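Q: To start, I am sharing the structure in question, which I have written as structure tokens.
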Amino acid sequence: MSTRDHVKQSPMPVQEGYPRSSKEFSPPSSRSRKRTWVRNLTMSLLIAAGAATFSKYIFPLGSILGAGSLQPIDPHDYAARADRILSTTPLIDGHNDLPYLIRLETKNKIYDHEKLPFEAGLLSHTDAKKIRQGKLGGQFWSVYVECPADPSAGIDDPSWAVRDTLEQIDVAKRLVDEYPDLLEYCETASCARSAFKKGRVGSFLGIEVHDLGVRYITVTHNCDNAFATAASTVAAGKPDHGLTDFGREFVKEMNRLGMLIDLSHVSHQTMRDVLSVTNAPVIFSHSSSYALSKHLRNVPDDVLRTVTKNGGVVMVTFVPLFLKVNDPASVTIHDAVDHILHVAKVAGWDHVGIGSDFDGTAVVPKGLENVSKYPRLVELLLERGVTDEQARKLVGENLLRVWSKAEDIAYAIQASGQKPNEETWSGRKWTAAADIPMPSMFNDSAERRKQLE
């Protein structure tokens, strides 16, 4: 059993000496009544003193447990309930494109606070003030780069993708370091919880490099790669081939590393293929319900049911086109609520989360204009009958459970002695400098080198 598993307390045993019936009870003497009174008074004083000491050191955990959070709340005071939920459970957003917006508008320069007034306020969806107003508890910062401009470019063709990805990882980490009172860089689920208890927003990276701190990989973006078919490819009328043979090996290696597999942006067949291969729960970092809006970026109900079996989580996005493909201009916060409730109805409350895509879309729903609006979203869900416990699962507990489970599976795989995967994709090109004299490792080295040409 993982050390992360909650320890279940056994039922309280029946205490010996208690009368089993009224017939076994005999009134105490006056002397015993006096001893009992003194003993009870002493115990009451000790308990009161202990409680005061306990509350002194435990309750003031930053913004986590304020004195008012333990007071009863009117069940119809949805705003107060939402506030308490977000003060005690980290709301973790699965996808925010602020690092890419910084790239576009400041060329990744963040230290001049007049040119990038992150603390004073930005016109876009995310800044320090909005984060505090929205009670954000954790954020996966997207460090993606775009697909090549030339659609015919293959995976072996030279491009700037690796360079730019490394730059995006760098700027995201520097942004976190620049605002240490607000943000805290994390690579584990336990760190995310710890940061929240300190009143900081756990900050995680989402793309494709584990040793550089990245903790989830979106299998494709808006173009196919060596691993799988993208949703945009199918939307363009091309075949849905799903996961490639190399993609299957890729999934196994992600399981070994403990990286979360993100199925947003992939085709429907890729979703099904990955779910048939992975040993770890998956995430959809920013997708919604296909049953409610027939956009190929959304998740069909049969996949939602498979996610339930897999143990994963679908994090509902706020992109209007995904919420109402036939009328995106009319989308409001209530449409986001509808998608959350549908995913919860089909997959269960253990398998739904929030993945806004703030700062990655020019248009947002009315009522969900930026990061500060999370409390209102939770409030509306409570008005629709969602329980506090269900809301806690939605805002962060589900994602943290999935993350911890992926880590546990990786520990087990690595403890078994499984080596890193050495497979490569079909048609992989290798290059070698033919004019540089090198020693030979084998008798047939010359033939081996010709195969690289």
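Backbone N, Cα and C define each Cβ position, glycine as well.
In case it helps, Swiss-Prot gives these features for our protein:
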- His221, Arg297, Asp357: substrate binding site (BINDING)
- Cys147-Cys223: disulfide bond (DISULFID)
- 1-33: region 'Disordered' (REGION)
- 41-63: transmembrane segment (TRANSMEM)
Q: Just to verify a number: CA distance, Cys147 (disulfide bond) to Arg297 (substrate binding site), in angstrom, no decimals.
A: 17
Q: Taking the mean position of the Cβ atoms of His221, Arg297, Asp357 as the substrate site, which residues outside that list, in the same chain, have a Cβ no more than 8 Å away, listed in sequence order?
A: His95, Thr218, Asn222, Ser264, His265, His286, Ser287, Thr317, Val319, Gly360
Q: Go through Cys147, Cys223, the listed disulfide-bonded residues, and name the one with the sparsest Cβ surroundings, counting other Cβ atoms within 10 Å.
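A: If we count Cβ atoms within 10 Å for the disulfide-bonded residues Cys147, Cys223, the smallest count is at Cys223.
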Q: Around the Cβ of Asp357 (substrate binding site), how many other Cβ atoms lie within 10 Å? Please give the count over every shown protein chain.
A: 23
Q: What's the longest C-alpha separation between any two of His221, Arg297, Asp357, the listed substrate-binding residues, in angstrom?
A: 14
Q: Report, as a single number, how many Cβ atoms besides its own are within 10 Å of the Cβ of Arg297 (substrate binding site).
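A: Cβ-Cβ neighbours of Arg297 (substrate binding site) within 10 Å number 24.
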